[in-house]
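Have a look at the structure below, then the notes.
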Amino acid sequence: MRPKSDNPQPLTTGDSSTSSLSSGTTTSIDPIYHILNILPFSFLRPPRLRLKLPSLSLPSPNLVFAFVLLTYFMVVSGIVYDVIVEPPGIGSMQDPYTGSVRPVVFMSGRVNGQYIIEGLSSGFMFLLGGIGIILLDLALDRNRPRSVKSSYAAAGISSVVLAYVMSMLFVRIKIPAYLR
Amino acid sequence: MAASSKPGSPPSSSSSMAQDLFNNFSFSKTLKLKTKQQELLIRVTVLTLIYILAFITRLFSVLRYESMIHEFDPYFNYRTTLYLTKNGFAEFWNWFDSESWYPLGRIIGGTLYPGLMLTAAALYSVLRFLRFAVHIREVCVLTAPFFASNTTLVAYFFGKEIWDSGAGIVAAALIAICPGYISRSVAGSYDNEGVAIFALLLTFYLFVKAVNTGSLAWALASAFGYFYMVSAWGGYVFIINLVPLYVLVLLVTGRYSLRLYVAYNCMYVVGMLLAMQIRFVGFQHVQSGEHMAAMGVFFLLQVFFFLDWVRHLLSDTKLFQAFLRITVTGAVSVGAIALGVGTASGYISPWTGRFYSLLDPTYAKDHIPIIASVSEHQPTAWSSFMFDFHILLFLFPAGLYFCFKRLSDATIFIVMYGLTSMYFAGVMVRLILVATPAVCLISAIAVSATVKNLTRLVRSQSQAVQSGSSKGASTAKSSSKGVIDNSQPFQRNGAIALLLGAFYLLTRYAIHCTWVTSEAYSSPSIVLAARGANGNRVIFDDYREAYFWLRQNTPPDAKVMSWWDYGYQITAMGNRTVIVDNNTWNNTHIATVGRAMSSYEDEAYEIMRSLDVDYVLVVFGGVTGYSSDDINKFLWMVRIGGGVFPVIKEPDYLANGEYRVDKGATPKMLNCLMYKLSYYRFGELTTEYGKPPGFDRARGVEIGNKDIKLEYLEEAFTTQNWIVRIYKVKPPKNRW
């Protein structure tokens, strides 16, 4: 807040202030401003500082959307399951004939169980499929050069096809009786 | 069911093509419909087909077995509905039941959500009035599919409100067969969720309509929708927290308007007053921490309205800025102080364990074993998501993208609903049900927008061909289409190929949903089925056999002790008093039963005499290989009993940290009551060819203690496949 001994300065809307309740006008209706004027600052002289309150602004929709996609990926990968049940990153099985320990990627036997890596890779496939459809929509937007549009379209179609095929493969590995 | 058509203008090319098509058929000269009427006819036909589809896809178990109630909880609902239809509403509302939780009893009128029972009773009385002589059981079995069909209609209107009517139709079609919803609304699953999801979607639709139109009538309708939801399910807490969060997001993004003010105020005040009419809810809306967000946002909205009015009066903007800062700071600080005083003084109760474990999922595992033991409350793995949603998991992020492209009050709501419900679905498997309508709606937006893009591409090519051939002049229109004309056939064929691809994906979705419904979600749980040696289907009806034996062969005032899973079924079908049942409202009582099951026979006899138990019922899967039996649940009995009575220690039952029932098991495990009752006379039975007698097929081991003698109980009944075993508690010996 402006010290009383200063020369009157031009009014600024985003003025620097240490008290959040001060106003820019010379006759303020703020009661706390007046109380502070009287009590400490009638005999104390505040120093001249160049402080600036950080201005909060709403993030752009694209940033919010990127954050939303990230949380979607985490939820769909089963991160809450990983935190609570604490399964191993990848399962292991002992080969009955050779005695060596082989890794098992997909936890078999029940629908609601997973290993961490299995969850993350499936979640990535779901996200890839979603991004493929988004790329397809971007490709159909009129205001872009043709080469960009066709590359978006190619990337989008290949993403969707890849994601769908891989997801079906994962489900068939995990649940052998799927669609039979 | 008439769907009102929006007065939109269809593209001219499709109308001309359609007119040409109609003119080609000679008989249709008399049947010439205008395009709007054609569109209305198509829409109504499609919605009717979706309505019927949603009903019949849920009928698998009725066709395979018979029309019966499934699972455990629905039996309680069925029993209360039966009581309601026999004795009327006043008796039902004031019912004190002494047949469960002996000797405590249960105040049923004040501890249930009556919406489901009242709905089924209303349907029953309507059918009776029309002189259809139906049994109440049939009405109960088919209530859930009927309300699922109604949900598809609400989804259509909601989709129309958010995006357009095309998205509405796709949403209705997706939600009709989505396995996430079918799992809890199949015919025979007479549970609160069957009606509650309809009420949830209806409330949200009415509220979004109220925010879009600002009309008091719609806001009042949403308040009544909320009342129906509160009467139907405890999940109404989701609505009373999501709607204030949505209002807060609108305020933060600068979308405050008078429409929002009217809608939220009316819904909150009238909805809260109506919700207090349900005895089970009581005064929670002003006393419970879970409902405080709604109240806080209510007062914040009044502050916003007040500031808006002051700004309208004041002409000086700088003065208003100062006033704004003071008021907002003052209001927030007063609210924080009020909340602090309320919580500290105990007037505002903290969040209950059930809902707190949604915010902090690790809480239930450490502190509340009863909540952690229910299999539906486990967190969700990716395969459960895949099973319940299939391609909707791809369409959901795409739909979010489209919503972010066209941000409005309605799309912000559906995005928030989708994100919050997906988070909760990740925390608890059961809540995939709540996320299903949001996922279906958002996916429908993606499908509708993509298909619209593609068909626009297909149609613009043919339109360019037509305009090019008919006009041929170098107008501005054709020059801008010049770029497209060069790659014309490629783009058109590409768009058609993509449309076929989308159609293929949706067909795969339909196949997946039908397969999942038929194989996974249509089992009545009370009747077990398995494949025999030569592929034929073998049915185990042991549960009902045992309950009917109880009903017909025990004295009417006999008391049955079993684990709490079977309580509702015993009271409904066996018609006998139970000690604990699925309501699980008294943890100490359940722990007493758990302690009795885990103690030696003589200690257990003391506990059973103190509870007046006459019969003990255990479920045993060793002969059939049924894995959800009491021996597999036994560790939960130990944990819950040990939570209240420290004399029961879990390590006593584990050999080297491992849970075993064979020779390597601990002596306490081999001699506890549950072990003895499950394996009595089992050591003489040969269950599998080539294995020794006493081979437990569910655990895959030969049991450790084959020579079991019971001193204080005697075997009363064992069902055909040894699944349910009933023992009679002997009266104390005469003295001398």
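Glycine is no exception: its Cβ is also placed from the backbone N, Cα and C atoms.
Curation does not apply to TrEMBL; its annotations are automatic.
Annotation source TrEMBL lists transmembrane segment at B:40-60 (among others). For the transmembrane segment (B:40-60), the list of distant contacts is 1-3, 5, 33, 144-146, 148-149, 151-153, 156, 165, 169, 172-173, 175-177, 182, 185-187, 513-514, 517-518, 522: same-chain residues at least six beyond its ends, Cβ to Cβ under 8 Å.
Annotated domain 'Oligosaccharyl transferase STT3 N-terminal' per TrEMBL: B:44-442, in sequence order.
For B:107-127 (among others), the entry in TrEMBL reads transmembrane segment.
Long-range contacts of the transmembrane segment (B:139-159) within the same chain, counting only residues at least 6 positions beyond its ends with a Cβ under 8 Å from a Cβ of the stretch, are 1, 3, 47, 50-52, 54-55, 58-59, 62, 67-69, 74, 77-78, 81, 116, 119-120, 123-124, 127, 165, 167-173, 175-176, 181-182, 184-191, 194-195, 197-198, 201-202, 204-205, 208, 437, 440-441, 444-445. According to TrEMBL, the transmembrane segment annotation covers B:139-159 (among others).
Residues 5-6, 43, 46-47, 50-51, 53-54, 57-58, 148-149, 151-153, 155-159, 197, 387-390, 392, 432-433, 435-437, 439-441, 443-445, 447-449, 451-452, 509-510, 512-514, 516-517, 520-521 of the same chain lie 6 or more positions beyond the ends of the transmembrane segment (B:165-183) yet place their CB under 8 Å from a CB of it. Sequence annotations record features per position, and here TrEMBL assigns transmembrane segment to B:165-183 (among others).
Panel annotation: around the transmembrane segment (B:195-220), residues 115-116, 119, 143-144, 147-148, 150-151, 154-155, 157-158, 161-162, 181, 184-185, 226, 228-229, 232-233, 235, 238-239, 243, 257-260, 262-267, 270, 409-410, 413-414, 417, 433-434, 436-437 of the same chain, lying at least six beyond its termini, place a Cβ under 8 Å from a Cβ of the stretch. The transmembrane segment annotation in TrEMBL covers B:195-220 (among others).
Positions annotated as transmembrane segment by TrEMBL: B:226-249 (among others). Remote same-chain residues near the transmembrane segment (B:226-249) are listed as 113-116, 118-119, 192-193, 195-196, 199-200, 202-204, 207, 260, 264, 267-268, 271, 274-275, 277-278, 281, 285, 290-291, 293-294, 296-298, 300-301, 355, 412-413, 416-417, 420-421, 424, 434 (criterion: CB distance under 8 Å, separation of at least six residues from the stretch ends).
The annotation transmembrane segment is assigned in TrEMBL to B:261-280 (among others).
According to TrEMBL, the feature transmembrane segment maps to B:292-310 (among others). Only residues 6 or more beyond the boundaries of the transmembrane segment (B:292-310), in the same chain, are considered here, and those with a CB under 8 A from a CB of the stretch are 240-241, 243-245, 247-248, 251, 256, 260-261, 264-265, 268-269, 272, 285-286, 320, 323-324, 327-328, 331, 335, 339, 342, 348.
The transmembrane segment annotation in TrEMBL covers B:322-348 (among others).
Here TrEMBL flags B:385-403 (among others) as transmembrane segment. With a cut-off of 8 Å between Cβ atoms, the residues of this chain six or more beyond the transmembrane segment (B:385-403) that come close are 174, 178-180, 183, 411-412, 414-415, 418, 422, 425, 432, 436, 439-447, 449-450, 505-506, 508-509, 512-513, 516, 520.
If you look up TrEMBL, you'll see B:410-426 (among others) marked as transmembrane segment.
Mapped onto DSSP helix, strand and coil, the domain 'STT3/PglB/AglB core' (B:559-617) counts 33 helix, 9 strand, 17 coil. Taken from TrEMBL, the feature domain 'STT3/PglB/AglB core' applies to B:559-617.
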PLDDT averaged over the residues of the domain 'Oligosaccharyl transferase STT3 N-terminal' (B:44-442): 92
Positions whose Cβ lies under 8 angstroms from the transmembrane segment (B:322-348), at least six residues beyond its ends: 287-289, 292, 296, 299-300, 303, 306-307, 310-311, 314
Same-chain residues at least 6 beyond the ends of the transmembrane segment (B:261-280) whose Cβ lies under 8 Å from its Cβ atoms: 93, 109-114, 207, 210-211, 214-216, 218-220, 222-224, 226-227, 230-231, 236, 243-244, 247, 286, 294, 297-298, 301, 304-305
